[in-house]
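Worksheet: one structure, shown below.
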Amino acid sequence: MTNYHFTGIKGSGMSALAQILHDLNENVQGSDIEETIFTQKPLERKGITLLPFSRDNIKNGQHVIVSAAYGETHEEIKRARELGLKVDVYPEFLGSFIKQFTSIAVSGSHGKTSTTGLLAHVLGSVEPTSYLIGDGTGKGAANSTYFVFEACEYRRHFLNYSPDYCVMTNIDFDHPDYFKSVEDVVSAFQTMAKQVNKAIIACGDDEHLQTLQANVPIVYYGLGDHNDFQAKSIKNTPEGTAFDAWVRGDLFGSFVIPGFGDHNVKNALSVIALCHYEGIGYEDIVEHLKTFAGVKRRFSEKRSGKQILIDDYAHHPTEIAATIEATKKKYHDREVTAIFQPHTFTRTKTFLNEFAEALSQADHVYLCDIFGSAREEQGSLSIEQLQALVDGAKLLTEAEIETLKGHGESVLLFMGAGDIQKYQKAYEALIESSS
């Protein structure tokens, strides 16, 4: 049994990995900032000790795993070096850890978390499966056949992995604080493709993924006729979305998923393709696709009086457009009111016009102040510059949250990767106190 200490345990990947090792009967503790973050709840439920950052947390006999957000200057890492302890950065540790399983990385600019969750759900219903999801959820199953994990392209972290399979959902220009252009992103995915050992499952509707070269088979999925796995006859139903899956021109079968929007159909199709490649039966895939309950902060819904409140992690124009589209398909008889908090000044500046175009698909738009990341506390851009590009957009603060009550039976769509949840919580508290 190993004694693990996680420096930065509340990060989504770190939290999930800590849960996995705990499930596998290792001793796990961790430290982080004292602010409450949604990823810590599952840690607390499992009885994993959470500490504030301190060099005193580091003891002899520990194996220290450090978040990629922290470097050698962190007080805990300095102490670990003084004691001569084994220290691994999260992506490096994960890259080594996955070698004991049939490993399946899920990568892509958008849709990673939802696809990882869906694939883990389907595989885990058929075979022992461990998984690490980007919403902070992790599970370690004894004697696992599969390990499904989210592999992020940021700073090329996913190049620490050489998985058996890699699902690639799409390539888009994001993380402009690191990537220079979409070509730079493509280059990272091309390098990743060369590291895959068995097969790549890639969205063939994405022009960038069509250019991939690899030493293993590439199985393409999507809505276009050129794909190996194609979705046809897509229809909205009371249960979600129904579609037929065709494999190289032959009907494989009909499926229903709880989600809405073409992006969710494609995510499901990638899971179907992977399962088909692994020899998992049609009936198992059908049964477990339709029972997927979703992942945290991805189209998470609740009712509040006559309104529908949705919390979503969307923080890139492509994701915002897809989330608004899915909302309109599911709630076609309601107005959609978007409440958006931009995440990082760099991303907001880079995609200012694209954000405006995506948000304009909503019936009403409210904008919250830009959330700066730990890497950039402030920037020269103001939220008013985005407001000027979106007709009728209004600014929103927590103190003015009561304004949302004026939207009757609207769907209130809270979107962002920062702390947009505090606005929704403030609104829910207001509704509860006035009921």
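Cβ coordinates come from backbone N, Cα and C, glycine included.
The ATP binding site feature in Swiss-Prot is assigned to G108, S109, H110, G111, K112, T113, S114; the stated evidence is sequence analysis. For the recorded site, S114 (ATP binding site), the DSSP three-state label reads helix.
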Looking at Cβ-Cβ distances, which residues of the chain lie under 8 angstroms from K112 (ATP binding site) while being 6 or more apart from it?
V106, G134, E150, A151, C152, T169
Would you mind listing, in sequence order, the residues at least six apart from G111 (ATP binding site) in the same chain with a Cβ closer than 8 Å to its Cβ?
T169, N170, H263, K266, N267
What is the set of residues, excluding G108, S109, H110, G111, K112, T113, S114, whose C-beta falls within 8 angstroms of the centroid of the C-beta atoms at the ATP site?
V106, T115, T169, N170, N267
Could you find out if DSSP has G108 (ATP binding site) as helix, strand or coil?
coil
